[in-house]
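Quick look at what Swiss-Prot lists:
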DISULFID  C4-C35  disulfide bond
DISULFID  C14-C25  disulfide bond
DOMAIN    1-43  domain 'CHCH'
MOTIF     4-14  motif 'Cx9C motif 1'
MOTIF     25-35  motif 'Cx9C motif 2'
Amino acid sequence: MVDCQKEACNLQSCIQRNQYNQGNCEKFVNDLLLCCKRWYDKNSLTGNEAPHTCPELKPLLRQLSSRNLT
């Protein structure tokens, strides 16, 4: 499976189950953000394009910081 696609699908399923209330799915948001961070940590120097499921690095780092996940 494509990098972080599992986490993105889990988040989407949770949001749909909860009538699009993301507040009930924070664990899945965090899982996706942490997966994306791991991807950047592993691939940032390779020149690979980030997975379409992940934000760009700077916004990702801001989101991680605001959630105290750094």
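Positions of Cβ are set from backbone N, Cα and C atoms, glycine also.
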Helix, strand and coil counts within the domain 'CHCH' (1-43) (DSSP): 35 helix, 0 strand, 8 coil
Local confidence of the motif 'Cx9C motif 1' (4-14) - pLDDT mean: 97
